[in-house]
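> These came from TrEMBL, pasted as-is:
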- 21-40: transmembrane segment (TRANSMEM)
- 52-74: transmembrane segment (TRANSMEM)
- 81-99: transmembrane segment (TRANSMEM)
- 105-126: transmembrane segment (TRANSMEM)
- 138-159: transmembrane segment (TRANSMEM)
- 214-235: transmembrane segment (TRANSMEM)
- 298-318: transmembrane segment (TRANSMEM)
- 340-358: transmembrane segment (TRANSMEM)
- 370-389: transmembrane segment (TRANSMEM)
- 429-451: transmembrane segment (TRANSMEM)
- 457-480: transmembrane segment (TRANSMEM)
- 489-510: region 'Disordered' (REGION)
Amino acid sequence: MWWDERVSARFRRNLQPTLTYWSVFFSFGLCIAFLGPTLLDLRCQTQSSLSQITWVFFSQQFCLLLGSCLGGVFKRTLAQSLLALFASSLAISLVFAIIPLCHNVVVLAVVMAVAGLAMGCIDTISNMQLVKIYQKDSAIFLQALHFFVGFGALLSPLIADPFLSDTNCILANGTANASSNLPHIRKSLVPHHPGNLSHYDLPMKGMVVTRVSYAFWIMALINLPVPIAVFFLLYKERMVPCFNGSSHPLLSADELALETRPGDKDELSSAGQRPHTAAGHEDLFSCCQSKNFRGVSFTYFAVHITGALVLFMTDGIVGEYSGFVYSYAVEEPLAVVHKVAGYLPSLFWGFITLGRLISIPVSYRMKPATMVFINVVGVLITFLLLLIFSSSVVFLFVGTASLGLFLSSTFPSMLAYTEDILQYQGCATTVLVTGAGIGEMVLQLLVGSIIHDRGSYSFLVCGMIFGCLAFTFYALLVFFHRMYPRPSPELDEASPDKAAAPEPAGQYQR
């Protein structure tokens, strides 16, 4: 294998939980990308106006952010984390099954809000648990985790596509005129954010003819093995009340004996009582308690804030670029044909997925700090070239692919880098997930209003500004990293990086 034996042994020891967390993130990706291409059929199903149906986007994104904030509440024990993941992944399957039964837009928005809460919990808990298991070796496993998001995000539109209506799915007077606009409107509805649809007048009353229900039921079936996998992990960990007597722990007897050696316990206990150690991996509300701030330096806060601001910008770029690149391409001076421009969001997400796949082996050979530096510099250079060659259709496609590659590994690399700085004792995972979610929601709204007032060219200008800010915040993070107090020699000797030392924090503990 292309990683060393120590990492390989740790992966084999934690194979089942690692694969389970990866599969749960597939559910996250499956749920995040289906809404855009199916929105018009859902609008027909609910017989609502376009302005009403687009509020479904907001309900999902807002509750995703809320779920990310609340997800840390369920990580206090492994049992709570797994039960929350089981409930969240099962909720996503139920949401897919229930969506075809939602014939009112308010009900649909409530159902999508539930999906958003489930996705937010999955986002926070899965990242936290992988960081807990692998700690300094977590970068490669986080890259793989986020690959599964991209894989799911690519798969759900492909499942939905054969069942989408080719003409307007509400038959009424004026359908012919509305149907001619439908391909253009559908291409405007890309993952995460709808385009400006207010000037399209489609009928709201009439006979509904749509087959999109089959797509949702197929996705519900595809996602069903995920909660089953989480339940099986609960069973193996003796956390299912009815089956406690017959299950076996994931670790062998030798590994359990290694974990429970008295010397290791004493060492861990003394390490946990050292000063200047903040509580680790708390939920957002627990992180804000004053007791966690006693004895910490200002750099502790600076690392959290600058790391979150980098992801605020980069994840915001992902949301605004995927949401508005089509609108930018069809406007002057590019004036790309609508059908051709419709491939741009798919190209962007395809290269994000490809980049996450490439980053899995790369992250083992390259430090997370270096990967983040390459990412933010690459984003900055790509936007600069897009501005210089703004009249070139070919370079728009090249730049879109390049941007997807550079943005693909930013989140997992930044998470691994920041947790490493804080010695896995801060609130980095919760703060970074929350910052990324806020950035994705806020920058979409901001860029949309700016494009409406200033024209399509401001789309690239905004991206350039966000890229510059991301690089600036990263430079500040590196500066605060150099100022952050290093771990004591005693604690460093117990680090999981030491091959001869036991790996207490890297074991899969309850």
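Even glycines carry a Cβ here, placed using N, Cα and C.
Automatic prediction, not curation, is the source of TrEMBL annotations.
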> Please tell me whether the transmembrane segment (457-480) and the transmembrane segment (298-318) touch - that is, whether there are at least 3 C-beta pairs under 8 Å between them, with each pair 6 or more apart in sequence.
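Contact between the transmembrane segment (298-318) and the transmembrane segment (457-480): present, because at least 3 Cβ pairs are under 8 Å.
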> Is the number of Cβ-Cβ pairs under 8 Å between the transmembrane segment (214-235) and the transmembrane segment (21-40) three or more, considering only pairs separated by 6 or more positions?
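Yes, the stretches contact each other.
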> Excluding the flanking five residues on each side, which residues at least 6 beyond the ends of the transmembrane segment (21-40) place their CB within less than 8 Å of a CB in that stretch?
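Cβ under 8 Å, 6 or more out: 53-54, 56-57, 60, 85, 88-89, 92-93, 95-96, 112, 115, 118-119, 122-123, 126, 129-130, 144-146, 148-157, 159-161, 164-165, 169, 182, 185-186, 189-194, 212, 215-216, 219, 222-223, 225-226, 229-230, 349.
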> Count, for each of 81-99, 340-358, 370-389, 429-451, the Cβ pairs lying under 8 Å from the transmembrane segment (298-318), and report the range with the highest count.
429-451
> With CB pairs under 8 Å as the measure, which of the listed stretches 81-99, 138-159, 340-358, 429-451 comes out on top against the transmembrane segment (105-126)?
81-99
> Are there residues at least six beyond either end of the transmembrane segment (138-159) with Cβ under 8 Å to its Cβ atoms? List them, or say none.
3, 7, 11, 18, 21-23, 25-34, 36-37, 126-127, 130-131, 191, 215, 218-219, 222, 346, 349-350, 352-353, 356-357, 359-364, 368, 371, 408-409, 411-413, 415-416, 419
